[in-house]
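Pulled from TrEMBL, these are the features on record:
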type: DOMAIN; residues: A:33-143; note: domain 'PurM-like N-terminal'
type: BINDING; residues: A:35, A:50, A:80; note: Mg(2+) 4 binding site
type: BINDING; residues: A:35, A:80, A:216; note: Mg(2+) 3 binding site
type: BINDING; residues: A:51, A:52, A:127; note: Mg(2+) 1 binding site
type: BINDING; residues: A:52, A:80; note: Mg(2+) 2 binding site
type: BINDING; residues: A:59, A:278, A:334; note: substrate binding site
type: BINDING; residues: A:126, A:127, A:151, A:218; note: ATP binding site
type: DOMAIN; residues: A:157-320; note: domain 'PurM-like C-terminal'
type: BINDING; residues: A:219; note: Mg(2+) 5 binding site
């Protein structure tokens, strides 16, 4: 790894982050290179805005593959747009780097732009500076007024769903931290989920006018569902038996090298599913009479969706086993300041 | 200074950064607390977006008064909107903190909100995490299409202007770094400019359809004017004699404890004016027949404006003395990666 001798801030931006005008979307009137970017909103639409900051050593390992880091830095922001039912338009990137290092910047920008291009989301501006590695992306999207998906709309009797799989990212993290051992094939699979999460943008769009409340699972299912419950003034009961099947790595359980044969306690796996972070799936609610519409949204967006429980009118979050019996446990979610 | 025991991310946001709904502007449909903020653009307007990241030890001293830091973190972003002629609407704040410290957060948020309220600019969302102190703000404003002030419109024969005063921030920084000595009264005055810059938002709005090109002076006059020259394909000649009068601290020069009696070389002071950073004034150009309109904009916005040179059709940046003779010197501007 060699730093680029004498590479200044403006050269750095030009070399790795300025792109041909054609790469900008129709809504971008002016991209990188002036004091501000200029965006032209689609008439009548609302703007959805979200900002996430990733810190080295806290949100990623300092030696993580910069290509996957570029992907993840944008993915976690796109996931917020997905949870809002907004269509991505553009983003700003602020980057503090210990040094202007080509061997790092090249793959980082490639990973970033590969995901940006897949979602038609243009880099419109930002900032670079020297400092401890820190990546802050602010993303913009649009959504028709009154169709934005909020956390506050869940009602007693609604079903609770999650997209995709849950817990693999937390499992990979625990393995990489040396806290658990995973067979190599499982680690590879789980690590992919940790380092290159898939923002559920298409599902979010399909859930407009279907879901009653949505959040993305960034801090852990229970914590993020907890936001929905708190902001909707309701409670929920989750089925732990179903939840266990959300662990993608669990699919390996029948094999001799599988997860459940690796003698990890079930409670530890369930903890990954329910309280592990970094999944970037959607947790959402919908009235029972919208179940067919939920399945249609899942099909239309090619995204698996699983019903894992129901909303209760009474406050509180209950986790029950297959027979409806409460499961003991401290289901504390991940908090960046806890 | 005591850290707040057990203060989690969400409590932290609620305590210091969530504000009553009435504090949000008319364009903010949903503020802090969901996956995204929702903003309702004024029909027909363009959105101006800018993002700046401030790193401890690089953009501010680690022990700087958090109240002034809160002010400055937003001010540098509002300055970008000013340079674009955009009216501020809202901002996101991403904050990495070594610890959740009430004695720091309280004054930081007060300094931040005092400036935000003065400009009707609402905090709509963001992120907090533990990490080396880093503040990333992304600001949004609006401007009528085709009225945005760009860097690319300067033409040969245009006058070059700067707002307010220049060089005091750099002078204060050099003094605080122990590189020069300043009399206490001068340091107090200059330090105010370094730590609490005034974003020239009103002037930027008044310069719509008056200025031909605008940039804010964040990295130093020559560097930021250089962006205008490069993006407009022109050159410029600046009058160093006039520039010297831009140093507010220079106004003390007649007194016995003044700057010019403190035996600082004139060349060093001129370096502060021309190449020092952190002034957050506007440098802009306008055709000579718009001189009266420029003065009217200055009056309307209650912002001093000084003509310091002219745009040349030929490329290159020349600094001349009062007799038009080229001044020797290496006018290298501040570059965050140089």
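Using the three backbone atoms N, Cα and C, a Cβ is placed for every residue, glycine included.
Candidates A:52, A:126, A:278 (binding-site residues) were compared with residue A:219 (Mg(2+) 5 binding site); those inside 10 Å Cα-Cα are A:278.
You'll find the Cα of residue A:151 (ATP binding site) roughly 31 Å from the Cα of residue A:127 (Mg(2+) 1 binding site).
In sequence order, the binding-site residues from A:35, A:59, A:278 that place a Cβ under 8 angstroms from a chain B Cβ are A:35, A:59. The domain 'PurM-like N-terminal' (A:33-143): residue composition by secondary structure is 36 helix, 47 strand, 28 coil, according to DSSP. It is A:151 that, of the binding-site residues A:59, A:151, has its Cβ surrounded by the most other Cβ atoms within 10 Å.
Summary: among the binding-site residues (A:50, A:51, A:218), the fewest other C-beta atoms within 10 A of the C-beta are counted at A:218. Note: residue A:278 (substrate binding site) has non-local neighbours A:169, A:170, A:173, A:194, A:197, A:218, i.e. same-chain residues 6+ apart with C-beta under 8 A of its own C-beta. Each residue contributes its Cα atom, and for residue A:52 (Mg(2+) 1 binding site) and residue A:35 (Mg(2+) 4 binding site) these two points are 22 Å apart. Looking only at Cα atoms, residue A:216 (Mg(2+) 3 binding site) sits nearest to A:51 among the binding-site residues A:35, A:51, A:59, A:126.
Same-chain residues at least 6 positions away in sequence with a Cβ under 8 Å from that of residue A:127 (Mg(2+) 1 binding site) are, in sequence order, A:92, A:93, A:94, A:95.
Residue A:126 (ATP binding site): 24 other CB atoms within 10 A of its CB, across all protein chains. Counted within 10 Å of its Cβ, the other Cβ atoms near residue A:80 (Mg(2+) 4 binding site) come to 28, all protein chains included.
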